[in-house]
There are 10 protein chains.
Amino acid sequence: MPSQPAKVLETFPNPAPHRDYQIHMEVPEFTCLCPKTGQPDFAVLTLDYVPDRLCVELKSLKLYVWSFREEGHFHEDVTNRILDDLAKAVKPRFMRLTARFFVRGGIFTNVVAEHRKKGWKPTPRVDLAEFAAQSNFRG
Amino acid sequence: MPSQPAKVLETFPNPAPHRDYQIHMEVPEFTCLCPKTGQPDFAVLTLDYVPDRLCVELKSLKLYVWSFREEGHFHEDVTNRILDDLAKAVKPRFMRLTARFFVRGGIFTNVVAEHRKKGWKPTPRVDLAEFAAQSNFRG
Amino acid sequence: MPSQPAKVLETFPNPAPHRDYQIHMEVPEFTCLCPKTGQPDFAVLTLDYVPDRLCVELKSLKLYVWSFREEGHFHEDVTNRILDDLAKAVKPRFMRLTARFFVRGGIFTNVVAEHRKKGWKPTPRVDLAEFAAQSNFRG
Amino acid sequence: MPSQPAKVLETFPNPAPHRDYQIHMEVPEFTCLCPKTGQPDFAVLTLDYVPDRLCVELKSLKLYVWSFREEGHFHEDVTNRILDDLAKAVKPRFMRLTARFFVRGGIFTNVVAEHRKKGWKPTPRVDLAEFAAQSNFRG
Amino acid sequence: MPSQPAKVLETFPNPAPHRDYQIHMEVPEFTCLCPKTGQPDFAVLTLDYVPDRLCVELKSLKLYVWSFREEGHFHEDVTNRILDDLAKAVKPRFMRLTARFFVRGGIFTNVVAEHRKKGWKPTPRVDLAEFAAQSNFRG
Amino acid sequence: MPSQPAKVLETFPNPAPHRDYQIHMEVPEFTCLCPKTGQPDFAVLTLDYVPDRLCVELKSLKLYVWSFREEGHFHEDVTNRILDDLAKAVKPRFMRLTARFFVRGGIFTNVVAEHRKKGWKPTPRVDLAEFAAQSNFRG
Amino acid sequence: MPSQPAKVLETFPNPAPHRDYQIHMEVPEFTCLCPKTGQPDFAVLTLDYVPDRLCVELKSLKLYVWSFREEGHFHEDVTNRILDDLAKAVKPRFMRLTARFFVRGGIFTNVVAEHRKKGWKPTPRVDLAEFAAQSNFRG
Amino acid sequence: MPSQPAKVLETFPNPAPHRDYQIHMEVPEFTCLCPKTGQPDFAVLTLDYVPDRLCVELKSLKLYVWSFREEGHFHEDVTNRILDDLAKAVKPRFMRLTARFFVRGGIFTNVVAEHRKKGWKPTPRVDLAEFAAQSNFRG
Amino acid sequence: MPSQPAKVLETFPNPAPHRDYQIHMEVPEFTCLCPKTGQPDFAVLTLDYVPDRLCVELKSLKLYVWSFREEGHFHEDVTNRILDDLAKAVKPRFMRLTARFFVRGGIFTNVVAEHRKKGWKPTPRVDLAEFAAQSNFRG
Amino acid sequence: MPSQPAKVLETFPNPAPHRDYQIHMEVPEFTCLCPKTGQPDFAVLTLDYVPDRLCVELKSLKLYVWSFREEGHFHEDVTNRILDDLAKAVKPRFMRLTARFFVRGGIFTNVVAEHRKKGWKPTPRVDLAEFAAQSNFRG
Ligand SMILES: [Ca+2]
Ligand SMILES: [Ca+2]
Ligand SMILES: [Ca+2]
Ligand SMILES: [Ca+2]
Ligand SMILES: [Ca+2]
Ligand SMILES: [Ca+2]
Ligand SMILES: [Ca+2]
Ligand SMILES: [Ca+2]
Ligand SMILES: [Ca+2]
Ligand SMILES: [Ca+2]
Ligand SMILES: [Ca+2]
Ligand SMILES: [Ca+2]
Ligand SMILES: [Ca+2]
Ligand SMILES: [Ca+2]
Ligand SMILES: [Ca+2]
Ligand SMILES: [Ca+2]
């Protein structure tokens, strides 16, 4: 039975609710339609969140993203809507959504929006040296 | 009816005025003239802003940038002027304009200027781990 | 009147039919459906061709690529079909189509197919030193 | 019913047997055991082939690669064996397998082996200008 | 006598317990099984820690990572478990574990979790200019 | 006295006419107008040539490129025209012009055209190992 | 009349003294002599400053940098001297000079020094998401 | 008279003791022996410091690094020892040593340690826009 | 019993002598002494070969490379010597050794030398499209 | 006794005259003067050659390159002159000189010239798979 696009976002219990930790997901296959011209728009979505009691289920996220394929949305609006849907389903301590849209009219547009659980405060980050990763094979 | 360059910057209502979020736009097709020599200058403009009640309309931004094609401007001056025009039209909570000019005399010049709405304060940024994006196809 | 997806590929006369020269086009916005699962597939298409009497018109190419959005196709098949359509419409001296599909099952697949006009032979390439291009602004 | 690792490589009919064209697949999830020490080895496999009457089925290739997980093999040997298995199943006009193994003892080892159908000759390649691809979104 | 995978993490005394300093280790050879489908999962682990009285022994870390090869674990869960094991064995002043999992369903997932010794506070970082390293040979 | 755009390409005598050698020039500041819409187009031009008796003078090349600023031209046409003008002025043994146009309609277009002096044949290239250059300073 | 190297740094009035903004200049053509051996040394200079009433004039900066060509200077010393000269001439609110010297004895040396106007305090930076820029042409 | 490896670190007077500034040195040619196996180990050292009255002399640093060639040292230990030696000789206001060791057992290890002069406090960094440097020639 | 540096290169039988295939090994840990000054020199060695009846054993190659640690050799000489030793031990159909030495006197030197078995001829290479590999995890 | 710039190029006997092999040298510290304006010009020189009986001595090459510091030369001319001097001193079987000049007038210029010993023919290159090198440490 093939999968279907769906607005429902499924979740599972956070396996480590005793600590704040970060889940980073990148979804490079977002497409919707331009509400003005009806032409396809494309974007890469990046989701970062600190879960509270729930985590978003990966396959469900994929079907949710698929559900925009036939819908018309403006860039600024759709980014905020997706964040709202995700925040409503996952109820995270913190969530940031970044949408990087493909070039239109020679201009590149990215949108970044955040949701924060009321009263939640991030532990100040321990600022370590950072190192670029490299493969451990050649070429 | 073909488009025309225009100093007017059109806007549309911010679809999510209830939160601070970031819109990032990159305009790689800026050109004006050097006021001293009359020769063409080129730059890449990057606009980052937190909208208040208005967002800048993409096509209008393109025509506005086009309007500098026949005008003479110094680097430091034109960057501040464009920021002033954008801030006046969009009345953002925060706006940063970065202009990276093509090399002149073997020297590279970039200019970065910011506008802040009186009384607006940024929510302190939640400092997450960051990951370099990669394509999900080969080559 | 908004544009519509269309299988028709429009052309215009080659402005320099007296010489073999290369036109390179990259179309990063291809999407169709998987014929097995119905789920969306994505690819970046690269078209290289040596025109004969005709060149493919850019906007028409965009609408043609759009026309696959609701269709089910396998990777190997759709790449060869698009090449066939393009070769039939443009009747080029030479044409190469490269499709780089997004990762599926942890495996990355690219397909490269070529069409050659009967009897056409490429002039042996003059092998020059090649240099990586760099922008002439900072950052 | 969950999948199982399997040595059987499934195929499907080549949809464009009338032309020589290239299928490129990258499988970054190969692991087997070192026959000397029993410790895990890792590699990234790249498969390039010109199909004849058959193409290798993607999911089957994944299960085939999985089948090496519990087996002990030397680098030079396993690369040639996988090529032999693939060539036997797909009977391609041409096939090249590249295995890039993770560093061992501070030394990086890659192995590249090829199979060619008796009597098959490649059409001399049309040597075009090549251009590095870039994303059409920012960052 | 060949090595065996082992859950035991060996340690050695921190040679410089009088100062807070950072040890960064990257382990690109993590693999376990998906608890749902039984199929292999892969990840690159990055461990950053400020040692207290103990440091983790490199070979022991390698055998520990190997011990997950036949086990089924979800991404979010296994990252927190490995951090817990490491923190229990090494009792560091601070520890951060980053797991970057290979793409599944077209979506990339990374998980970042931290452990902090009760009462430990990082010295505020001296923020210096940073420079990208380059090899000191050509090519 | 400020410079003016000019169609005239000035030359100077080739200082080493006794050998075939390559001159490579990159001009990142080309702009003209779209003949359909009147909107600005942008491109980076790369010129490679083997001089015969003449070399193109750098400042003159700059003014020549400037002369297209107010003119309407299609991509395929203007590339061939510039090549024709340069070949007529410099009468090189060999010349290749590459024009990489900025993205339009989400599609990237590059055009590559060549001119060869009648009867000239390139010495077959000595195929050496090539090494990527790196800066000899940090960062 | 050809230009001459000169220690004099010319300035022009800051066109936007009402706001703190950043001017970034990169000068890749610095060379002086080693005071010990007399051999040439090379460096790339990067100048970042927040202007007060004056900006440094680009051509004058070029001639100033040229003036070091015949002089002997140690790395640490010359960086501080150039900063002193620039700060004296431009009287900026803030200035940072970075000198990245070419490798000597297999060791790479960079020097970073800053000048701050008495009493000036930077507005705390609004910390936005940052995106890597990419060209909007191919290759 | 050829140079000899030496534990002595020579210094010279800081030419600008009136200000805090940063000296960054990268030494890619560190090698010592593994105390367990006797086999060679390799690392790249990066030294960042804010000098007080003294600066480390470059050639002396090179001979000092050479002095480890025949000695056995563990990664964590040798990094802290080198920092101690350098801090003792140079008596800096601040010093950070980063050692990036070559891969061992498939695991990459870096160590970062710092020394701070008692009572010294860094001036809070002025957080400017940063731009990637680029060479100003092609390729 | 710890390993010792050794000039002896051990081999094992080629598991696929029926075909020409390529083994690529990269050894980033070569160091010897400058015969003039006695100071350490460093290089990265790359070995590519088509085995005949023998393959070089990885650990033996490591110990062989180690054996140069206390020896004095010029760049051009040592590269040819290592190639001679390897060719004598492995008796390959073809072998290429590339040595990239660390910068000396501000100049970068690489040496590339080849050995070919008498009478061996390479099968002309099938020239396929090539694709840059990318990781299948983020960052 | 400090070194002096010198036009004399010293050589030493080729240690492996029995085979054709490639020496690659990169000299990033070339500067001369523009003969028109007297202003400094900069370039990176790359020298590739197949030695016959002689090799160029590294320090001598450095002093030779230094000797251009006070001389006026055009780009195309100086590249051919340096090649002539090097070919005369070293009498190589083959030599290629590449000069990449810093940007002037917004245009980048590279020059590539070759010298070939009368009657010398390169052995056709064995075309192997090539792999990008990566460091074997992190970051
Ligand atoms: Ca690698
Ligand atoms: Ca950060
Ligand atoms: Ca990819
Ligand atoms: Ca080539
Ligand atoms: Ca640049
Ligand atoms: Ca982009
Ligand atoms: Ca920082
Ligand atoms: Ca390098
Ligand atoms: Ca460097
Ligand atoms: Ca920042
Ligand atoms: Ca691009
Ligand atoms: Ca450049
Ligand atoms: Ca090729
Ligand atoms: Ca990736
Ligand atoms: Ca090649
Ligand atoms: Ca590495």
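Count begins at 1; order follows the chain as displayed.
The backbone N, Cα and C atoms fix where each Cβ goes, and this holds for glycine too.
As written in TrEMBL, here are the features:
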ACT_SITE  A:Cys34  active site, thioimide intermediate
ACT_SITE  A:Asp41  active site, proton donor
BINDING   A:Val56, A:Glu57, A:Leu58, A:His75, A:Glu76  substrate binding site
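Following the DSSP three-state reduction, the secondary structure of A:Cys34 (active site, thioimide intermediate) is coil. According to DSSP, A:Asp41 (active site, proton donor) sits within a strand segment.
Take the CB of A:Cys34 (active site, thioimide intermediate) and look out to 10 A: across all protein chains shown you find 15 other CB atoms. Closest to A:Asp41 (active site, proton donor) by Cα-Cα distance, out of the binding-site residues A:Val56, A:Glu57, A:His75, A:Glu76, is A:His75. A:Glu76 (substrate binding site) sits 12 Å from A:Cys34 (active site, thioimide intermediate), taking the Cα positions as reference. In this structure the C-alpha atoms belonging to A:Leu58 (substrate binding site) and the residue listed as 'active site, thioimide intermediate' are separated by 26 Å. Secondary structure from DSSP puts A:Glu76 (substrate binding site) in a helix. Taken residue by residue with DSSP, A:Leu58 (substrate binding site) is part of a helix. Of the recorded residues, A:Val56 (substrate binding site) and A:Cys34 (active site, thioimide intermediate) place their C-alpha atoms 27 Å from one another.
Note: A:Glu57 (substrate binding site) has non-local neighbours A:Leu9, A:Glu10, A:Thr11, A:Phe12, i.e. same-chain residues 6+ apart with C-beta under 8 A of its own C-beta. Largest Cα to Cα distance within the recorded substrate binders A:Val56, A:Glu57, A:Leu58, A:His75, A:Glu76: about 25 Å as a whole number.
Around A:His75 (substrate binding site), taking its Cβ as the centre, 22 other Cβ atoms fall within 10 Å, counting all chains. Taking 8 Å as the upper bound (exclusive) on CB-CB distance to chain B, the recorded positions A:Cys34, A:Asp41, A:Val56, A:Glu57, A:Leu58, A:Glu76 give A:Glu76 in sequence order. Over all protein chains present, the Cβ of A:Glu76 (substrate binding site) has 22 other Cβ atoms lying within 10 Å. Cβ contacts within 10 Å of the residue listed as 'active site, proton donor', excluding its own Cβ and spanning all protein chains shown: 22.
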